[in-house]
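The structure appears below as structure tokens.
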Amino acid sequence: MSLSLDFNWRYVYLIAIGLKFVLALSNSYIHPDEHFQSFEVLTNKIFSFTTTTPWEFSSDTPARSFGPLYLFYAPLLYSIKLVGYELSPLQIWYMARLQNVLIGWVITDMCIYRLLPTKPERIKGLFYTSTSYITLVYQSHCFSNSIETWLVLICVLVINDLRFIQESNVPELQSQRQYQKLFWFGALVSIGIFNRITFPAFLALPSLYLMKYFRHNKMSAIFSLLGFMLPTIAIILLDTFEFNGSIDDILKHPLDFNSYVITPLNNLIYNSKVENLSNHGLHPYYTHLLVNLPQILGPGLFFMVSNFKNQYWKTTPFLAVISGVSVLSLIPHQELRFLIPIVPLVCCCFDLKNISSASKGERITKAPPMVSVLMNLWYLFNILLAVLMGVYHQGGIVPALDYFHSNIFQENSRQSVQIWWRTYSPPPWILGDKLDTLQVLTVTDDSPQFELDSSKSNYLIDAMGSDYTHVSKLIESFKDFSGSIYLIAPIASIRKHYDISMHQVWNYTHHLDLDHIDFSDFQSLKPGLGIYELL
């Protein structure tokens with residue numbers, strides 16, 4: 001069934017490409033990890049910015065690796081540093097997101113083109129993938145999940161190629177050696193595991209075909225293992241150096257494995273304990289299937305499982321989807337972003353024939369009513385979610401930090417206190433503090449006490465979602481402070497809770513706080529983030 005029924009798919013595809021770049025330059029903030037597990041770590045090392053190191057990089061058993069960060073983001077940052085052109089942190093952030101758009105665009109389109117056998121299938125896969133809000137928004141953000149998506153796609157493509165060779169009846173094709181391809185496959189699997197420990201989940205079922213291929217081509221398994229081991233050893237040595245300061249202990253006692261820092265192993269051990277996962281939130285085992293998957297696909301679910309049939313159920317992409325969702329559903333901590341690698345694979349498996357009333361072989365010149373309805377719902381769903389998650393979701397935090405970067409930290413002429421309330425944790429690297437004048441503190445209702453470092457001149461206090469009475473006491477504690485005191489909060493929260501003397505010095509309209517919406521009070525739905533200077 002052709003996609004070019006009631007519209008020209010090329011126009012929509014080209015518009016989607018443009019939207020990728022537009023949304024990459026928007027300021028939405030989806031999850032703290034997109035800052036704190038990437039640029040919060042790297043900019044401290046490369047630009048000497050004052051940052052906060054997340055627990056994954058600061059505990060005695062580090063759970064995140066430097067390897068993927070240096071591989072995917074450090075070349076950009078070092079290039080900026082070597083050129084010597086002074087870019088603001090905001091501009092650096094934009095460049096990183098544009099880089100992600102370009103990498104994701106090339107890898108995704110190339111893999112889908114090669115995964116699917118015919119032109120109509122390729123058009124369908126590319127069309128739905130490019131118009132999904134996950135592709136438009138999430139893939140430009142600096143998550144480890146974005147990198148995972150690219151690596152999963154390439155690995156699924158390699159396995160699919162090997163499967164095709166096994167199932168073909170062409171002796172010339174079966175006799176071809178795949179050593180180079182499998183070497184790089186092993187390397188990508190290694191990088192994928194160091195990037196996210198969840199990576200193998202998406203390859204569990206497809207790897208049955210890989211094992212079958214290895215059984216008949218044992219030398220290929222050796223090349224794949226070699227490709228896996230080389231980056232594994234390199235990244236372990238890199239992490240050991242970064243976290244321990246040297247690799248002297250390894251050189252002296254190479255067989256003492258306690259000297260090695262193996263971050264995926266530490267991550268696996270940490271996440272295997274429910275008490276650790278409870279610190280991040282526990283979810284029912286059905287959350288991915290019944291909550292996250294519908295939020296990701298929306299009307300696309302009907303393209304996937306209409307009439308409980310799908311002609312693609314034996315394909316490698318379908319097996320990767322089932323594998324990823326099933327394995328990740330066994331883990332009691334289930335966030336939506338964990339499933340974003342399945343999106344291009346799911347779109348390859350959309351089965352429009354199941355919702356078409358046309359008989360086999362009948363030429364379709366006009367889209368059936370149900371298809372037209374679902375297509376319009378698909379557009380509406382993805383446009384709304386792209387605007388919500390790509391523009392408004394916590395969209396004022398980074399611009400507000402950029403305001404302080406421009407007006408306080410570049411000049412370094414005055415003292416300041418920033419009290420952030422009812423926002424995601426502000427990533428300090430955006431402030432671009434190179435003079436070590438900043439102290440970052442976190443206060444909560446359960447832990448309201450803090451101690452200021454008198455050697456610092458600027459303070460960033462993350463009050464998180466504290467009760468407004470505690471925030472008022474926090475503000476009161478700075479009554480004798482000689483510098484400027486700022487409260488940064490959603491405009492709706494300020495209007496509801498505060499009538500103290502303050503002056504709004506800056507505001508950003510495209511900001512929405514979804515965590516403190518009170519549906520009994522429509523004022524809480526008012527978007528906007530403000531910076532208020534206390535008088």
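Cβ atoms are placed via backbone N, Cα and C, with glycine included.
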Membrane topology agreement for K309 and S466 per Swiss-Prot: no
Listed residues N276, N354, with the one flagged N-linked glycosylation site by Swiss-Prot: N276
Per Swiss-Prot record, range annotated transmembrane segment [choices 312-332, 480-500]: 312-332
Residue distribution over DSSP helix, strand and coil in the topological domain 'Lumenal' (333-337): 2 helix, 0 strand, 3 coil
Contact call for the transmembrane segment (285-305) and the transmembrane segment (92-112): at least 3 Cβ pairs under 8 Å, seq gap 6+: no
Long-range neighbours of the topological domain 'Lumenal' (163-181), counting only residues six or more past its ends (CB under 8 A): 209, 212-213, 216-217, 219-220, 223, 316
Structural state census, the topological domain 'Lumenal' (32-91) (DSSP three-state): 36 helix, 0 strand, 24 coil
Interface check, the transmembrane segment (11-31) with the transmembrane segment (371-391), three or more C-beta pairs under 8 A: yes
